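Copied over from Swiss-Prot, here are the features:
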REPEAT    138-175  repeat 'WD 1'
REPEAT    180-219  repeat 'WD 2'
REPEAT    223-260  repeat 'WD 3'
REPEAT    264-303  repeat 'WD 4'
REPEAT    312-354  repeat 'WD 5'
REPEAT    356-397  repeat 'WD 6'
REPEAT    400-439  repeat 'WD 7'
Amino acid sequence: MDAGMNNTSSHYKTQARCPLQEHFLPRKPSKENLDRFIPNRSAMNFDYAHFALTEGRKGKDQTAAVSSPSKEAYRKQLAETMNLNHTRILAFRNKPQAPVELLPSNHSASLHQQPKSVKPRRYIPQTSERTLDAPDIVDDFYLNLLDWGSANVLAIALDHTVYLWDASTGSTSELVTIDEEKGPVTSINWAPDGRHVAVGLNNSEVQLWDSASNRQLRTLKGGHQSRVGSLAWNNHILTTGGMDGLIINNDVRIRSPIVETYRGHTQEVCGLKWSGSGQQLASGGNDNVVHIWDRSVASSNSTTQWLHRLEEHTSAVKALAWCPFQANLLATGGGGGDRTIKFWNTHTGACLNSVDTGSQVCSLLWSKNERELLSSHGFTQNQLTLWKYPSMVKMAELTGHTSRVLYMAQSPDGCTVASAAGDETLRFWNVFGVPETAKKAAPKAVSEPFSHVNRIR
């Protein structure tokens, strides 16, 4: 069982803040902590300084009169050898660190002779590009309160209210505020069309909203007995996961939407993800179990509905991510008692690799452009870690959050990642870079599955 709700009150709550406004932090002091007008004594050569102020001037006057090209070259070489080629007597900053020799000189020389072109290493910013306030975000490991739609609009649930932030314009709007007896909001997920959004509630209901008209289309109820903490779309099928351990497939086109119910988890379902093909569903629960469900074999009437039951994790599994470049490859992350990222072949059910990250794994995202995986973590560093796949070498660690990074979402072009944490901030990171083929995401037309939903309540 993993740590769920964090009741520790944040110091940010001492004053009211507007949601999704720029968050300004006090400027951090310089690491060197030097005054611009006071020399740094530890970086100065006092012997040379004394020589330059006394005898150095005399030497220059004498050599100027009898200067020759050969003597001048000798003087420069001698200055370099004796480390006397200074331009300043007073040092106002530390010397830059010498570059590390990664290869012996003979190897590096041979490499320079080869005409083979080497791809330059991508620059990964270590700080967030933008930080927005997210007051009253629920600090609960088992919920899913952030999603970025295909129309480039980010949805975030803050307590009882769902806000929409348009990444193209930077504008913010309120979609809905849930009644006190029904809330707070416990999950949110965009439909593939980027216009319709599902909102899971604490009272076991799920609401469907049209973001273009700010209108509620229908309410799904009766399937779950407790809060709905996870949602996942598969075309016209909305899959919901509840604290009751049930997973329900809802066909939003029909009046009685429940078409399948999966039973396998004994505790809350906190993670749901459909594969890119829409054929397999991965679910993670507070029972430390990952299930792989296949629509072609799963049936509500069968005793064993799942394709695979994966029990190697030792803590709650919320973080799930299907690989975009390799079929049947799933990454899963375990909670504070597990701390591992595991990779699975969902065709055979075999565990391909397991990596100890050292801290609670809250969320996982694959890069759409490179063979890279991003993970978000809790105590002690509350960092985002970028991994190279399949070597799982750390490429970067991004810090800035002061509480566990519970939620992550990826922009439609795959370049930017948004992260939300219990510190009540929403941060944006240019972690995956800008591919040459990246194009601005255009809003998609409303898909056919919702053509009849307006008439169903």
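From the backbone N, Cα and C atoms, a Cβ is placed for every residue, glycine too.
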The repeat 'WD 1' (138-175) versus listed stretches 312-354, 356-397, 400-439: most Cβ pairs under 8 Å: 400-439
Secondary structure composition of the repeat 'WD 1' (138-175) [DSSP: H/G/I, E/B, coil]: 0 helix, 21 strand, 17 coil
Residues of the parent chain within Cβ reach of the repeat 'WD 7' (400-439), under 8 Å, 6 or more residues beyond its termini: 6, 8, 10, 12-13, 17, 20, 23, 122, 124-125, 127-137, 139-141, 143-152, 154, 156, 167, 194, 360, 362-365, 367-370, 372, 374, 376-379, 382-384, 386
